[in-house]
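Per Swiss-Prot, the features are as follows:
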ACT_SITE  C69  active site, acyl-thioester intermediate
ACT_SITE  H107  active site
ACT_SITE  D122  active site
Amino acid sequence: MTSFLHAYFTRLHCQPLGVPTVEALRTLHLAHNCAIPFENLDVLLPREIQLDETALEEKLLYARRGGYCFELNGLFERALRDIGFNVRSLLGRVILSHPASLPPRTHRLLLVDVEDEQWIADVGFGGQTLTAPLRLQAEIAQQTPHGEYRLMQEGSTWILQFRHHEHWQSMYCFDLGVQQQSDHVMGNFWSAHWPQSHFRHHLLMCRHLPDGGKLTLTNFHFTRYHQGHAVEQVNVPDVPSLYQLLQQQFGLGVNDVKHGFTEAELAAVMAAFDTHPEAGK
């Protein structure tokens with residue numbers, strides 16, 4: 001086993017899986033979601049987000065930070081490939097907020113070929129991300145540990161949807177075109193630097209739980225969900241409490257020389273928002 005895979009399985013608290021099967025893919029997908037949180041703090045600090053293998057390994061594994069789709073799915077792709085999976089990245093367009101025009105390709109997801117079938121894997125869409133791979137098949141509802149999803153197809157375009165109560169909500173659309181590392185670098189740069197990017201205006205975090213629950217944070221507003229229902233909502237009273245919550249609930253490492261952050265740095269980030277703890281968001 002390579003040193004990278006050893007560090008990866010250690011980070012996931014997961015026994016090494018050496019055979020590329022659908023069941024192994026499911027196990028790794030959920031373990032990754034539960035161990036490595038979605039978070040955008042580096043965009044706000046601000047720090048440049050690097051996508052090369054060394055940078056992702058240092059930040060997500062050794063510094064015990066999280067990241068967003070370009071980082072999380074980049075790391076997941078490398079781990080799957082090193083295990084022996086046939087995997088490559090795709091790029092999607094986020095349509096969750098019903099944009100008036102088609103947005104650019106700013107969401108990284110994965111296409112995995114295993115056991116003579118194609119599967120979509122995605123550990124990087126925040127609170128609504130998949131926690132299990134989906135078979136690349138249209139109009140079939142597929143259950144995951146954290147909700148029901150389906151894929152729809154319009155020509156060469158696929159649309160990922162999740163069930164919200166009695167309705168289906170579109171998340172993003174994509175095709176199966178081959179993407180290059182430069183495409184990810186461009187999408188990553190746009191996501192981090194476009195003035196209207198959602199990542200530049202909110203502190204966002206999510207960590208999924210093995211029992212079907214999840215923890216989310218939007219600025220000072222912390223929510224614990226179980227089976228799709230909010231069971232705890234807290235307005236974090238101040239930055240010191242928030243600093244502790246990021247470590248205790250989301251497992252963020254704060255002490256790494258390069259990727260850690262101080263309470264004062266977090267305070268500077270939160271002061272830039274037009275939001276107050278008592279307001280909730």
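Any Cβ shown, glycine's included, is placed from N, Cα and C.
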C69 (active site, acyl-thioester intermediate) in three-state DSSP notation: helix
Neighbour count (Cβ, 10 Å) for D122 (active site): 28
DSSP state at D122 (active site), helix/strand/coil: coil
Packing count at H107 (active site) (other Cβ atoms within 10 Å of its Cβ): 27
Cα-Cα distance linking C69 (active site, acyl-thioester intermediate) and D122 (active site), given in Å to the nearest integer: 8
Residue pair H107 (active site), the residue listed as 'active site, acyl-thioester intermediate' - Cα distance, angstrom, rounded: 6
Same-chain residues at least 6 apart in sequence whose Cβ lies under 8 Å from C69 (active site, acyl-thioester intermediate): H107, R108, L109, D122, G124, F125
